[in-house]
Each structure stands twice: as structure tokens, then as C-alpha cells.
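*Asks:* In case it helps, Swiss-Prot gives these features for our protein:
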type	residues	note
BINDING	65-70, Arg140, Ser148, Tyr203, 237-242, 259-261	3'-phosphoadenylyl sulfate binding site
ACT_SITE	His118	active site, proton acceptor
Amino acid sequence: MADKSKFTEYIDKALEKSKETALSHLFFTYQGIAYPITMCTSETFQALDTFEARHDDIVLASYPKCGSNWILHIVSELIYAVSKKKYKYPEFPVLECGDSEKYQRMKGFPSPRILATHLHYDKLPGSIFKNKAKILVIFRNPTDTAVSFFHFHNDVPDIPSYGSWDELFRQFMKGQVSWGSYFDFAINWNKHLDGDNVKFILYEDLKENLAAGIKQIPEFLGFFLTGEQIQTISVQSTFQAMRAKSQDTHGAVGPFLFRKGEVGDWKNLFSEIQNQEMDEKFKECLAGTSLGAKLKYESYCQG
């Protein structure tokens, strides 16, 4: 993941802010979407418009709790395999997080730059599309995503907790969580998944066959790796391997970022009524869409 000192320094500051923040005061709204005040500011969003993407930037777009830290590790290892240089993150890698001066500093960073983001498609800087940066879009089924949200808030010390799973579920379904609605994010990206510079990755596919999932990433980015290199990276990138070293790579929050990673963990918390509500929401927003088919909802979120 990121350079330990930079990553942990940013996370430590965010956790320190969280200590004094009640859940009811955790979010601010910018252009209609809720963001955590511990990680984002309106000044940084305003400065984001000045960000100048490069054609060889690698953008990792995902809704929160859908595997962004996992993909960051995988792409970093792919770059290392090609260049023989460990990828360094001079800034916290989430594009919209940090101070408003970060985009000026990023001009001096060497290529390729890895840029993670949880922004909806229409909130991304226009230069990403103008300069044809490569975009990996990572999705995870909405039921497990909601459960992961709940455990992150309620297990990590110092982060404001929800009173119950039912409370988190209500807020998740209304889109009143960090980075807004999962379904708005999905609807927004659905229209653009077939673009020449966009590659869709499903979290559940990586869990099922990590080596096959990893193999398609360098092919999309234009890297050549041998089968042996792919296999080595897949062994280093299993969820279990990531969890084992998470405290070294991500600091105290690491074990919570790599809590379980299981497909189907939602069954431990969802009531039958909540599952039906999620089914209806999915049908309303994504039934008959390209993304709806790619998410394999019937396989992962029903029964």
C-alpha cells in the first residue's frame, strides 16, 4: 500500500479527528453527496478541479468498502514486477482526500501515478477523461458492502459507531453514509463501463480466482508479465496474506481494513425483510443494465 509513514500519518490524523466527532456530525455535503469531515474538505474539492491527469495515470475507482486497498496493493505489485522499483505513495493515495495543496505537489510525482478514488463518475476531474487515463472500476455486491461499512464503523476504535446494524442499514439504503449512495455510484458508472480506457473488476471474481483476475489488469494497462510473475503476485495478494501484514502496511487500522473479505458475510446480519428491501432497490436501480448483469446479484445476494 502507501509508504507507511505517509499513510499512517494521514490515518492517525483522521482517527484523531474522529475521536471528537459524533456520528451525527461526521458528514458534510458537497454537490449533493455526503463525505466524512475527517478525510475530506470543501477546499480540497474546489482545488480538485485544477488537477491535471496524465495519460499514463492509473485510476482505481470504487465505492468504499469494495476492495480499493486490495487493488492498490495488486497494482503496486504489478508495477514493481515490470519496473523493479517499489511503488512509493508520496501522498495518501485517495485523490479527493488531503489538503488543497496536494495537487500542486502531485505535479512532481513520477509516472505512472496510482490514483484511488471513491468519487462518482461525474465528480471526477475532467482531465482524467480528456487525457485518457486508464481507469479500473472495482465493484462488490451491495449486501456485503453494507455489512463491511457496519463493521468498519463499529469495530475500529475512535470512529463514530452506529447504534445497531438496523441503523446502518437504514442510512446505507438512503445513501446517508460516506461518499453517498452505493446505487447512485453504480447508476452513474453503469453508463461508462464500456469505454476504451475503462476496465471493470468484480471483487467476487478476485475472491474466486485471484490469478485470473490479476492477469487481466496488466493486459488492460499494457504491461507484459509472465505466468510465473502473475502467480507470485497472486500468492502475495491473497486476502489472508494482506491481512497478515496489514498492521505493517496500514498501521493500527490495517486489521480492520482487511477484516474478513468473505463473500456472503451479509447473511450474518440481514433480516429477511432487509434482504427483500435490498432486492427491490437493486431491481429499481440496476435491473436490465450492463452493470446489473456483471454484479451477478442473484448468485451473491439472494438465498
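Using the three backbone atoms N, Cα and C, a Cβ is placed for every residue, glycine included.
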*Asks:* Given a separation of at least six residues and a C-beta threshold under 8 Å, show me what packs close to Lys65 (3'-phosphoadenylyl sulfate binding site) in the same chain.
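*Replies:* The list for Lys65 (3'-phosphoadenylyl sulfate binding site) reads Arg140, Thr145, Ser148, Phe149, Phe152, given in order along the sequence.
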*Asks:* Between Gln240 (3'-phosphoadenylyl sulfate binding site) and His118 (active site, proton acceptor), how many Å separate their Cα atoms?
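*Replies:* Here the two Cα atoms are 24 Å apart.
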*Asks:* Just name the winner among Ser68, Gln240 (the binding-site residues) by count of other CB atoms within 10 A of its CB.
*Replies:* Ser68
*Asks:* What is the separation, in Å, between the Cα atoms of Ser237 (3'-phosphoadenylyl sulfate binding site) and His118 (active site, proton acceptor)?
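*Replies:* Per the Cα atoms, Ser237 (3'-phosphoadenylyl sulfate binding site) and His118 (active site, proton acceptor) stand 22 Å apart.
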*Asks:* Counting other Cβ atoms within 10 Å of each Cβ, which of the binding-site residues Arg140, Ser237 scores lowest?
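*Replies:* Among the binding-site residues Arg140, Ser237, the lowest count of other Cβ atoms within 10 Å belongs to Ser237.
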*Asks:* Could you state the whole-number distance in Å separating the C-alpha atoms of Ser68 (3'-phosphoadenylyl sulfate binding site) and the residue listed as 'active site, proton acceptor'?
*Replies:* 9
